[in-house]
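In what follows, a structure is listed as C-alpha coordinates, so that the remarks can point back to it.
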Amino acid sequence: MMITPTGDGPWLVAGLGNPGPTYAGNRHNAGFMVVDLLAERTGSRLKSHRSRADVAETRLAGARAVLARPLSFMNLSGGPVAAARSFYKVEVSRLIVVHDELDIPFGAVRLKRGGGDNGHNGLRSISSALGTRDYLRVRVGIGRPPGRMDPADFVLRDFTSTERRELPLLLEHAADSVEMLIADGLEPAQNRYHALL
(Lines of atoms letter the chains of each structure in order from A and count residues from 1; the text may use other names and numbers.)
(Lines give C-alpha, C1' and ligand atoms only; values in the text may rest on other atoms or scores of the structure.)
Protein backbone atom coordinates (compact mmCIF):
# COMPACT_ATOMS: atom_id res chain seq x y z
CA MET A 1 0.00 0.00 0.00
CA MET A 2 1.40 3.39 -0.97
CA ILE A 3 1.35 6.04 1.73
CA THR A 4 1.09 9.68 0.68
CA PRO A 5 1.78 12.70 2.89
CA THR A 6 -1.19 14.27 4.65
CA GLY A 7 -1.67 17.44 6.66
CA ASP A 8 1.07 19.96 7.25
CA GLY A 9 3.48 18.04 9.47
CA PRO A 10 7.23 18.51 9.11
CA TRP A 11 9.45 16.73 6.63
CA LEU A 12 12.63 14.94 7.68
CA VAL A 13 15.48 14.93 5.17
CA ALA A 14 18.17 12.50 6.35
CA GLY A 15 21.45 12.40 4.46
CA LEU A 16 23.55 9.27 4.92
CA GLY A 17 27.30 9.06 5.36
CA ASN A 18 30.05 8.31 7.86
CA PRO A 19 30.99 10.95 10.45
CA GLY A 20 34.41 12.54 10.79
CA PRO A 21 37.00 14.17 8.53
CA THR A 22 38.47 10.83 7.38
CA TYR A 23 35.30 10.08 5.41
CA ALA A 24 34.25 13.60 4.43
CA GLY A 25 35.10 13.34 0.72
CA ASN A 26 34.08 9.69 0.26
CA ARG A 27 31.49 8.64 -2.30
CA HIS A 28 29.55 7.03 0.56
CA ASN A 29 29.06 10.52 2.03
CA ALA A 30 27.05 11.91 -0.89
CA GLY A 31 23.96 12.07 1.33
CA PHE A 32 25.79 14.21 3.90
CA MET A 33 26.95 16.51 1.11
CA VAL A 34 23.39 17.08 -0.13
CA VAL A 35 22.11 17.86 3.38
CA ASP A 36 25.03 20.25 3.90
CA LEU A 37 24.09 22.02 0.66
CA LEU A 38 20.43 22.29 1.74
CA ALA A 39 21.55 23.74 5.08
CA GLU A 40 23.77 26.25 3.28
CA ARG A 41 20.95 27.26 0.91
CA THR A 42 18.55 27.90 3.77
CA GLY A 43 21.08 29.58 6.06
CA SER A 44 20.63 26.79 8.61
CA ARG A 45 23.23 25.42 10.99
CA LEU A 46 23.32 21.72 11.80
CA LYS A 47 23.71 21.16 15.55
CA SER A 48 24.17 18.06 17.67
CA HIS A 49 20.84 16.65 18.86
CA ARG A 50 19.83 14.00 21.37
CA SER A 51 18.69 11.78 18.48
CA ARG A 52 22.45 11.18 17.81
CA ALA A 53 22.30 13.25 14.66
CA ASP A 54 23.29 16.75 13.67
CA VAL A 55 20.00 18.48 12.87
CA ALA A 56 18.68 21.83 11.66
CA GLU A 57 15.07 22.99 11.67
CA THR A 58 14.34 24.99 8.53
CA ARG A 59 11.91 25.44 5.65
CA LEU A 60 12.17 23.76 2.25
CA ALA A 61 9.82 24.63 -0.60
CA GLY A 62 7.74 26.60 1.91
CA ALA A 63 7.26 23.59 4.22
CA ARG A 64 8.60 22.89 7.69
CA ALA A 65 11.58 20.58 7.44
CA VAL A 66 14.29 19.03 9.58
CA LEU A 67 17.68 18.29 8.04
CA ALA A 68 19.61 15.46 9.68
CA ARG A 69 23.02 13.81 9.44
CA PRO A 70 23.33 10.72 11.67
CA LEU A 71 26.40 10.78 13.92
CA SER A 72 26.66 6.98 13.80
CA PHE A 73 28.48 5.03 11.14
CA MET A 74 26.54 4.19 7.98
CA ASN A 75 25.46 0.70 9.01
CA LEU A 76 23.90 2.09 12.22
CA SER A 77 22.01 4.99 10.59
CA GLY A 78 18.61 3.56 11.52
CA GLY A 79 18.77 4.45 15.22
CA PRO A 80 19.40 8.19 14.76
CA VAL A 81 16.95 8.48 11.84
CA ALA A 82 14.20 6.71 13.79
CA ALA A 83 14.94 8.82 16.89
CA ALA A 84 14.80 12.09 14.92
CA ARG A 85 11.57 10.98 13.23
CA SER A 86 10.03 10.20 16.63
CA PHE A 87 11.24 13.42 18.27
CA TYR A 88 9.91 15.65 15.49
CA LYS A 89 6.75 13.55 14.98
CA VAL A 90 7.40 12.99 11.26
CA GLU A 91 5.14 10.66 9.27
CA VAL A 92 7.01 7.94 7.37
CA SER A 93 5.49 9.42 4.20
CA ARG A 94 7.42 12.64 4.93
CA LEU A 95 10.80 11.00 5.45
CA ILE A 96 13.30 11.53 2.62
CA VAL A 97 16.56 9.58 2.81
CA VAL A 98 19.39 10.87 0.59
CA HIS A 99 22.09 8.31 -0.17
CA ASP A 100 24.78 7.22 -2.62
CA GLU A 101 23.80 4.59 -5.21
CA LEU A 102 26.26 2.31 -7.03
CA ASP A 103 23.76 1.16 -9.65
CA ILE A 104 23.13 4.67 -10.97
CA PRO A 105 25.73 6.37 -13.19
CA PHE A 106 27.77 9.16 -11.66
CA GLY A 107 25.97 12.44 -12.26
CA ALA A 108 22.42 11.05 -12.23
CA VAL A 109 19.76 11.42 -9.54
CA ARG A 110 16.88 8.98 -9.15
CA LEU A 111 13.91 9.11 -6.80
CA LYS A 112 11.65 6.40 -5.49
CA ARG A 113 9.50 5.32 -2.59
CA GLY A 114 10.11 1.98 -0.92
CA GLY A 115 11.83 -1.02 -2.42
CA GLY A 116 14.81 -3.06 -1.31
CA ASP A 117 18.08 -1.80 0.10
CA ASN A 118 20.16 -3.01 -2.89
CA GLY A 119 23.00 -3.95 -0.54
CA HIS A 120 23.12 -0.48 1.04
CA ASN A 121 23.74 -0.99 4.76
CA GLY A 122 22.43 2.45 5.70
CA LEU A 123 19.07 1.75 4.06
CA ARG A 124 18.96 -1.72 5.62
CA SER A 125 19.50 -0.20 9.07
CA ILE A 126 16.80 2.45 8.54
CA SER A 127 14.23 -0.02 7.23
CA SER A 128 14.91 -2.30 10.20
CA ALA A 129 14.65 0.55 12.75
CA LEU A 130 11.44 1.91 11.21
CA GLY A 131 9.83 -1.47 10.52
CA THR A 132 9.02 -0.33 6.98
CA ARG A 133 10.73 0.36 3.65
CA ASP A 134 8.00 2.75 2.51
CA TYR A 135 9.93 6.01 2.72
CA LEU A 136 11.19 8.30 -0.03
CA ARG A 137 14.73 7.96 -1.33
CA VAL A 138 16.85 10.40 -3.29
CA ARG A 139 19.52 8.20 -4.87
CA VAL A 140 22.70 10.02 -5.82
CA GLY A 141 24.51 8.15 -8.59
CA ILE A 142 28.16 7.34 -7.91
CA GLY A 143 28.54 4.64 -10.59
CA ARG A 144 30.14 1.20 -10.41
CA PRO A 145 33.74 0.53 -9.35
CA PRO A 146 36.29 0.02 -12.11
CA GLY A 147 37.53 -3.47 -12.95
CA ARG A 148 37.41 -5.90 -10.05
CA MET A 149 37.52 -3.32 -7.27
CA ASP A 150 35.44 -4.31 -4.26
CA PRO A 151 32.35 -2.04 -4.08
CA ALA A 152 32.95 -1.68 -0.32
CA ASP A 153 36.37 -0.15 -1.05
CA PHE A 154 35.01 1.98 -3.88
CA VAL A 155 32.36 3.74 -1.78
CA LEU A 156 34.93 4.54 0.92
CA ARG A 157 37.24 6.28 -1.54
CA ASP A 158 37.06 9.97 -2.39
CA PHE A 159 35.61 11.13 -5.68
CA THR A 160 38.24 11.39 -8.42
CA SER A 161 39.53 14.79 -9.53
CA THR A 162 37.39 14.54 -12.68
CA GLU A 163 34.31 13.65 -10.62
CA ARG A 164 35.00 16.49 -8.18
CA ARG A 165 34.73 18.98 -11.03
CA GLU A 166 31.24 17.67 -11.83
CA LEU A 167 30.19 16.99 -8.23
CA PRO A 168 28.74 20.46 -7.48
CA LEU A 169 26.19 20.07 -10.30
CA LEU A 170 25.23 16.57 -9.11
CA LEU A 171 24.71 17.84 -5.56
CA GLU A 172 22.68 20.80 -6.85
CA HIS A 173 20.40 18.44 -8.80
CA ALA A 174 19.98 16.18 -5.76
CA ALA A 175 19.18 19.14 -3.48
CA ASP A 176 16.76 20.56 -6.07
CA SER A 177 15.04 17.16 -6.30
CA VAL A 178 14.48 17.12 -2.53
CA GLU A 179 12.75 20.49 -2.74
CA MET A 180 10.66 19.41 -5.72
CA LEU A 181 9.64 16.20 -3.92
CA ILE A 182 8.32 18.33 -1.07
CA ALA A 183 6.67 20.94 -3.31
CA ASP A 184 5.17 18.78 -6.06
CA GLY A 185 5.31 15.12 -5.03
CA LEU A 186 7.14 12.04 -6.26
CA GLU A 187 5.89 11.62 -9.83
CA PRO A 188 6.57 15.18 -11.05
CA ALA A 189 10.02 15.08 -9.43
CA GLN A 190 10.77 11.73 -11.09
CA ASN A 191 9.65 13.08 -14.46
CA ARG A 192 11.96 16.06 -14.06
CA TYR A 193 15.12 14.44 -12.70
CA HIS A 194 14.99 11.04 -14.38
CA ALA A 195 15.05 12.82 -17.74
CA LEU A 196 18.37 14.56 -17.03
CA LEU A 197 20.67 11.54 -17.51
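Including glycine, each Cβ sits where the backbone N, Cα and C put it.
Of the residues TYR23, TYR193, Swiss-Prot puts just one in the tRNA site with PHE73, ASN75, ASN121: TYR23. When the Cα atoms are compared, ASP100 (site 'Stabilizes the basic form of H active site to accept a proton') and PHE73 (tRNA binding site) turn out to be 14 Å apart. ASN18 (site 'Discriminates between blocked and unblocked aminoacyl-tRNA') is 9 Å away from ASN75 (tRNA binding site) when you measure Cα to Cα. The shortest Cα-Cα distance between HIS28 (active site, proton acceptor) and any of the recorded positions ASN18, PHE73, ASN121 is the one to ASN18. Here the Cβ of PHE73 (tRNA binding site) has 15 other Cβ atoms within 10 Å, regardless of which shown protein chain they belong to.
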